[in-house]
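Visitor: Sharing a structure below in structure tokens format, with a few things to ask.
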Amino acid sequence: MSADGSFEYNRWSRLRPARGLVALAVAALVLTSLATPVAAHAYLSDSDPANGERIDAVPDEITLSFSGDGVQVADATVTGPDGADVSGAAEIDADDSQLVRVPIERSADENDAEGLYSVEWEILADDGHTVSGSFVFSVGDEPLDRDTVLEAHEDEGPDEDVSPIAAGAKGLLLIALVGLIGAPITAVVAVYPAVSRVQSSSRSFRTVDRRLGRILATAGAVLFGSVLALGLVRATSIGSLSFETMVQFLATPLGREWLVQVGLTALLGLVLVGGLTGRLPRRGWLAGTAVGAAFVGATVGWTSHSATAIDRLQGAAIDIAHLGGAGLWVGGLVVLALVVPAALREAKPVDRNDLAAGAIRRYSLLALAGVTLAGATGLVLASWHVPSLAALTDSLYGLSLSAKSLLILLALGLGGLTRFVLLSRLAENSGREFSAAATDADTDTDTDTDTATVATFVHAVRFEVAVLVAVLLISGLLTSAPTAAVVSDGAGGSELVTIEREVTDGVALELQAGPTADGATATANETGNSGSSQQLLVRPGDPIVFDVAFASSAAADDTRIDSDGPVRLLATATEGDRTVNVELEETADGTYATVQTLPVEGDWEVRITGSPNDEFVSETYDARVETAETGDAHADHDGGAAGSPLSLLLQFGAVAIAVVGSVAVAVEATRFRERT
């Protein structure tokens with residue numbers, strides 16, 4: 001279109017983008033009704049041998065089972081009792097990328113093979129994140145070391161560490177994408193038509209073209225840099241950055257997807273260069289920029305938490321729709337904050353109110369559709385990845401999501417101020433002249449009402465942009481951290497349960513036992529002298545650390561008291577004749593400890609005896625050995641919060657936002673059509 005070409009569209013063509021976005025929001029909600037909550041991000045759900053398991057002979061291989069995402073690259077080291085590496089190269093199962101097998105080199109002398117084995121593993125998951133951990137198992141009858149067992153179980157849960165470089169690059173990538181998607185659409189639908197109605201000079205159009213070109217060129221450079229940075233960070237998960245490392249990375253599916261990202265970003269850069277140099281028509285290069293950015297966004301959604309943990313198409317569709325909605329909202333605001341003031345400065349004073357009001361009205365329709373789309377799909381994503389209200393404070397993902405939600409509410413409030421307060425003032429003052437100084441957000445507001453209104457508009461929009469940029473940076477952290485569902489699913493079973501009782505006058509017995517099965521801590525804490533024991537819940541075959549301490553209950557600092565006789569543990573199965581009778585060993589910190597396995601399922605009676613202050617004491621505790629109710633985590637890759645109250649509430653909220661937002665878009669479109 002020529003620089004001074006008309007932007008007068010018929011009423012239906014003006015509404016076509018909004019109608020399409022509303023239809024996309026409804027389609028996204030239909031997709032969500034078919035999906036269930038998931039645990040994205042890869043984490044170790046099971047192993048054979050299991051963590052802490054005692055086996056009779058060295059196995060031929062170790063099997064690692066992961067839940068959530070699949071595995072792209074795996075590395076594992078098995079260290080034997082003599083400190084030597086006894087592992088072969090880790091292999092990912094060809095039929096199931098969530099299974100990793102590590103062959104073991106067996107010793108010729110079986111006696112030398114007995115002892116403690118440690119396994120350290122690291123994987124690159126489908127979503128591009130690196131996950132690592134360790135566990136131990138023993139061969140033969142050698143007793144397990146207390147500290148080694150506890151350290152192994154401390155590493156059992158998911159790793160919430162996030163690379164600052166990866167999170168920062170992902171945040172910048174999202175900022176660039178929303179700008180490249182939303183800014184061209186807003187310019188074509190809102191800014192150019194508003195400028196054409198009040199000032200048709202070629203100078204005004206050139207000013208808008210120049211300012212818009214700078215914004216999109218900057219966004220394109222940021223996008224290319226962040227895509228490169230993310231790829232290099234992911235490649236370093238294979239090894240130190242080198243040519244060989246890059247070759248190995250590019251041989252993986254994730255590496256090939258990154259190549260596609262780089263190629264699309266380069267093509268987008270060519271479109272931007274063509275537009276900025278005048279070789280492409282305005283409408284052509286703006287459309288090419290938005291479409292190209294959408295394709296890059298599709299590759300990002302294809303490797304997201306949701307896409308890699310459930311059906312690729314379903315998860316990617318929701319992520320892409322969420323990004324598109326954010327693009328219309330935030331990218332459009334960038335245009336209002338940085339391009340519209342330049343257009344206002346070039347307009348005649350008498351036309352400036354009309355230009356600002358016209359741009360806001362046209363943008364409002366896009367923003368409403370974008371907020372509806374982003375809000376509905378955002379709640380869907382939260383319903384997949386946040387299993388409970390407690391998860392909002394118990395994980396990095398939950399805390400980040402809470403902060404993001406608060407900032408979004410602030411941005412929505414600022415948007416309401418712009419749409420309903422400032423727009424009405426601009427409409428009332430339409431046609432009145434005011435100083436051009438009002439168009440610069442960096443100048444002081446004049447006492448003139450018109451000047452103050454437009455200056456307030458510019459300030460409010462730019463502040464809203466700053467808030468939403470912070471939201472996008474937090475989104476970079478969200479997409480880099482393990483989801484709250486992963487943390488909740490993988491965190492169980494690694495805690496010591498503490499039971500403290502006063503056994504004689506002035507003497508308290510403190511028992512620490514664990515790691516216990518998930519849920520044991522809810523019933524295992526008690527204080528004072530109780531007539532009945534609380535129940536410890538443990539899993540069959542798991543080595544349990546029993547740590548006993550005697551302390552002075554009268555002293556403020558719980559001074560430790562030595563036992564004058566041996567401290568013993570007698571565990572008896574209530575059904576059958578299985579017993580465990582051992583003497584606990586004194587540790588350096590004044591406690592008495594042993595590591596034992598309760599070998600059969602069912603109820604057990606655990607008795608602790610000792611002689612603090614030369615007085616014999618005996619305390620009984622109830623324990624139950626049973627298989628975890630969740631069963632084999634690897635058998636169900638969707639180990640999230642399916643059917644949880646919060647999940648259902650969030651999905652209901654998503655539907656409500658889609659319905660109410662669609663109605664609001666339709667009403668706003670009708671009003672806009674009547675005005676024009």
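Backbone N, Cα and C define each Cβ position, glycine as well.
Annotation comment: TrEMBL describes 41-139 as domain 'CopC'. According to TrEMBL, the transmembrane segment annotation covers 172-195, 215-238, 258-277, 284-303, 323-344, 365-386, 406-423, 465-487, 648-667. Among the features that TrEMBL reports, domain 'Copper resistance protein D' is placed at 358-478. Positions annotated as region 'Disordered' by TrEMBL: 515-535. According to TrEMBL, the compositional bias 'Low complexity' annotation covers 515-524. Residues or ranges marked as compositional bias 'Polar residues' in TrEMBL: 525-535.
Looking at the shown structure, what environment does each listed feature sit in?
Guide: The list of residues near the transmembrane segment (323-344) in space but at least 6 beyond its ends in sequence, with Cβ under 8 angstroms from a Cβ of it, reads 21, 24-25, 174, 177-183, 185-187, 190-191, 194-195, 204, 207-208, 211-212, 215, 293-294, 297, 300-301, 352, 355-356, 359-360, 363, 366-367, 369-375, 377, 436, 438-441, 454, 458, 461-462, 464-465, 468-469, 472.
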Visitor: When you look at the transmembrane segment (284-303) alongside the transmembrane segment (215-238), do they share 3+ Cβ pairs under 8 Å, ignoring any pair fewer than 6 residues apart in sequence?
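Guide: Answer yes: the transmembrane segment (215-238) meets the transmembrane segment (284-303) with 3 or more Cβ pairs below 8 Å.
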Visitor: Suppose I define contact as three or more CB-CB distances under 8 A, residues 6 or more apart in sequence; do the transmembrane segment (172-195) and the transmembrane segment (648-667) meet it?
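Guide: Since fewer than 3 Cβ pairs under 8 Å link them, the transmembrane segment (172-195) and the transmembrane segment (648-667) do not come into contact.
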Visitor: For the domain 'Copper resistance protein D' (358-478), provide the mean pLDDT of the predicted model.
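Guide: That stretch averages a pLDDT of 77.
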Visitor: Please work out the helix, strand and coil residue numbers for the domain 'CopC' (41-139) from the DSSP assignment.
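Guide: Reading the DSSP string over the domain 'CopC' (41-139) gives 4 helix, 55 strand, 40 coil.
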